[in-house]
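Before anything else, here's the structure in question.
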Amino acid sequence: MSTVRLESIRKVYGEEVAVDGVDLEIRDGETLGIVGPSGCGKTTTLRTIAGFETPTDGRVTFDGTDVTHVPPEKRNVGLVFQSYALFETKTVRKNVTFGLKMRDVSKTERRKRADELLELLDIADLADRNPATLSGGQQQRVGLARALAIEPHVLLLDEPMTGLDAELKLRLRDEIGSLLDELDVTALYVTHDQEEAMAMCDRIAVLNDGRVEQVGTAESIYRQPTNEFVATFVGTSNLLTGVARDDRIDLGFTELADDMRTTGEVTVAARPEDFSLGGPVDATVLETTYLGQRKDLQVELPDGSTITMQVDGDADYRAGDVVGVEIDPENVQIFPTGIRERTTALL
Amino acid sequence: MAFPTTERERERRRIVIMCLPFFVLATFAGFVPLIVMARMSLSAENLENAGWSFAAWEALVTEPVYREIAWNTLWFATAATVVSVALGVVISHVLEKYSLPFENVLVAVVSFPIALPGIVVAFMAIVLLGRQGLVTNAVAVFTGSSAIDLASATSVFGLFLGYVYSLVPRATMVLRGTYAEVDTRAEEAARSLGATPFETFYHVTLPEIRPGIVAAFILTFRSALAIFGTVLILQALAVVTLRIDYEIGVGFNTQIAGAIGLVYALFLIAFTFVGLRFVSNKTVEI
């Protein structure tokens, strides 16, 4: 396993900038997630590490060795694709032994290692089957076994759960997460599913428009987003407009303390769970969405703005009800309007 | 006849209606001529179907010239097909895997010979490789040899080039379609697992395009057997189409022509059926 570093990676296709100065480090043995909207540069970044894209600028290093111009077959990188990309003219076992065969490992050793991995992934009984006859989950396990068989410097997973049904996705997510921890693999996990990234990754990088917006643990990204984009992309955030002056922020319907002495117009990001009922602000319920254990309420505040908040699933609220709302100032984030980066700490 | 009342019955009717033109064509352009040729080959009289005789079939089996023609036809068509399909694989690979400048122009250039009559292809071979051909004279100037000695348009080599020129677009057309279906992610997976581009082609791409190669081989081989104009002009090798023309046009030997035609058609049908078995068998390892 290795430490992988991307230094000022920039990738341009004609006039299109796909990746714009990305600096990232995947630490030895960690799983780094990359999340972001479609077209943000996630897959280009992954393909740059794999060697299928040569960056326009910047460099890629594995344990300090520059591999920017090293061809894919010499990088020792494991790839797992959303579409599985298995060799359908070969059996499951031959898929898994393929990388070892390319490395001239003896047939006996190849078979032994493949069988160990298939056992580990609980698909030993499928060894002689054709991949096309397997279910999506089984095929993805084969893809993972094939990539792990070569003991890669880094394992690159490109949306591996997309396309699987919800139940299988949850099960496979736990299994893969445990396996990566158990094998201490350095891995990059690209996904558009932030919940998946939060569950599986040690740290997460949020990409937008080819740039890294924030890198951190799932908790820090959720609780301390550095800008409006991260606040709204990761989880749900209510963005409220306020004016900061004299250590206070006036939101129109209530005031918050601001010990960072911001001045001027600000945006306050508050999660749905940062609002609670029984407060002094009268709000009108516009819509309710029942989600089992919880219920989401869309409520209109006195200043006309709309927020989403969460209540217990059994709570009986209907559109038109007037409820008392309060905001928990402890966890809200404050961003000066028009400036991308957050300048205040927690309230 | 009762009108169909269920969707299944209506579907059957649609299938029958849509297939009818093909069956009419197959009957009158295929089955009927085959019967007529069979009768012609067994006729006791020349130029008319009268009486019964196995003389033509006996001649076909016993006279060495017909064995030689069969052998010439088979080896020449096979060699031209193998080279054309191999070139088709290379051209399809380049066209499908790489972003090329003026790609549409390249595709047009590659597919252009398919529209050329065999006679024109033969003429092009003469213009380039004949005694006064451009290539012949350029090589003659370069090497100091005689252009007459170097001329190869009417040799087997010249004929071979003419065949390949006509057949490459046919092979390429089939193979490009197959290449478009190749899982590029699987190829990338192979590269990441340590396979060089050639190893990736051999272990991943080739097995995937194998049905396309077989299909291209069938189509190209059948086309190679059917080429007439080119061989008629260049006359470099006695092949079956040329011999049928000779038997009818020069020898007025319709019995032999019928027998050759029947063997030729039955061979093509059998070859196509055998070949299609390989096309449908996709799970093959190399």
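Using N, Cα and C of the backbone, Cβ positions are placed for all residues, glycine too.
Pulled from TrEMBL, these are the listed features:
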- B:15-38: transmembrane segment (TRANSMEM)
- B:70-275: domain 'ABC transmembrane type-1' (DOMAIN)
- B:74-95: transmembrane segment (TRANSMEM)
- B:107-130: transmembrane segment (TRANSMEM)
- B:150-168: transmembrane segment (TRANSMEM)
- B:224-244: transmembrane segment (TRANSMEM)
- B:256-279: transmembrane segment (TRANSMEM)
Please identify the stretch among B:15-38, B:107-130, B:150-168, B:256-279 with the greatest number of Cβ pairs below 8 Å relative to the transmembrane segment (B:224-244).
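Result: B:107-130.
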List, by number or range, the same-chain residues at least 6 past the transmembrane segment (B:107-130) whose CB is under 8 A from its CB atoms?
91, 95, 136, 151-154, 158-159, 161-162, 165-166, 168-170, 172-173, 227-234
Under 8 Å for C-beta pairs, could you tell me which stretch among B:15-38, B:150-168, B:256-279 has the largest tally with the transmembrane segment (B:74-95)?
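Checked against B:15-38, B:150-168, B:256-279; highest Cβ contact count belongs to B:150-168.
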Near the transmembrane segment (B:256-279), which residues from the same chain, at least 6 beyond its ends, have a CB less than 8 A from one of its CBs?
34, 36-41, 43, 56-57, 59-60, 66, 211, 214-215, 217-218, 221-222, 225, 240, 243-244, 247-248
